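Written below as structure tokens is the structure these notes are about.
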Amino acid sequence: MYGIEYTTVLTFLISLVFVNYILKSVTRAMDFIIYRFLLVIILLAPFIKTQNYGINLPITGSMDTPYMNSTTSETFLTSTLCLYYPNEAATEIADTKWTETLSQLFLTKGWPTGSVYFKGYADIASFSVEPQLYCDYNIVLMKYDGNLQLDMSELADLILNEWLCNPMDITLYYYQQTDEANKWISMGTSCTIKVCPLNTQTLGIGCSTTDINSFEIVANAEKLAITDVVDGVNHKLDVTTNTCTIRNCKKLGPRENVAVIQVGGPNILDITADPTTAPQTERMMRINWKRWWQVFYTIVDYVNQIVQVMSKRSRSLNSAAFYYRV
């Protein structure tokens, strides 16, 4: 009996030694393979040009700022740029291939062919009804017109900021604005907005709620109207709903992938609604040239500096989506 027990113990010890030997052999073989593989990589590394996709981001809580790829000089290699211009520019240039010429010039600034899109619009009013800002970066050219300063200012306020909007049922409800960021935005072929402020008894202040002719006109036959009234006061509204849509909107902050370039004019338009603050000129720029070729040449020269004050975003803006944050 004791002989059998000794034999069992001896067999177990021999097996343990054998397994330990196998494990050490496998470990030495793996070490040999790994070290040989690393040696090959080290020897070949100087001769291989690879793409480094690493990005050093500052800890700011924001991913909106564009950063240059560490192994390429084309900062905006994978970005798209939309350039919006009045149709009169194309009419003056009178060259069917002028956009191709500009595309080649943008290529010299690091923008590959096909990454820059040119979109014309008839006038400020028509562009206000259907703004379409789909590119990573959007630059809107507005030719200064002294008679359209307010229209230009409202359009700039719309496209340079993000708005969270909800429908308004003016036939059933009264509405009030809560703070300076709260505005009523109307869009359509013809928007006439009338308001009647109400007291705590819902009686009109300086107007009669049953007589729309006594309401105050705050917008008349406009295609885009941003209405600001006294905060904290209920209002009854009258809107030309057959040709216009009105929304209750809250300004969330800047739409940082859009810039407006004013062509001509003595000063950059101020789109700040609050009269006690300094004029808002961020991403509002001005170019003073008489000829459109000179305007576009200047934009090509400064395109990368212009884009540096913007931030690449994935959200787009169009005539329907502007009502909601997209």
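Including glycine, each Cβ sits where the backbone N, Cα and C put it.
In Swiss-Prot, the Ca(2+) 1 site is described by Asp95, Ser214, Glu216, and among Gly110, Gly206 the residue recorded at this site is Gly206. Between Cys244 and the candidates Cys165, Cys191, Cys196, Cys207, Swiss-Prot records the disulphide pairing with Cys191. Binding of Ca(2+) 2 is attributed by Swiss-Prot to Asp228, Val229, Asp231, Asp301, and within the candidate set Gln149, Gln177, Gln201, Gln262 the record adds Gln177 to that site. Of the listed cysteines Cys165, Cys196, Swiss-Prot assigns the disulfide bond with Cys207 to Cys196. Residue density at Cys135 (disulfide bond): 22 other Cβ atoms are found within 10 A of its Cβ, drawing on all protein chains shown. Contacts of Cys196 (disulfide bond) defined by a Cβ separation under 8 A and a same-chain sequence distance of 6+ are given as Gly204, Ile205, Cys207, Ser208, Thr209, Ser214, Phe215, Glu216, His235, Lys236, Leu237, Asp238, in order along the sequence. According to its DSSP assignment, Cys207 (disulfide bond) is coil.
Relative to Gln177 (Ca(2+) 2 binding site), the disulfide-bonded residues with Cα atoms inside 10 Å are Cys249, the candidates having been Cys135, Cys244, Cys249.
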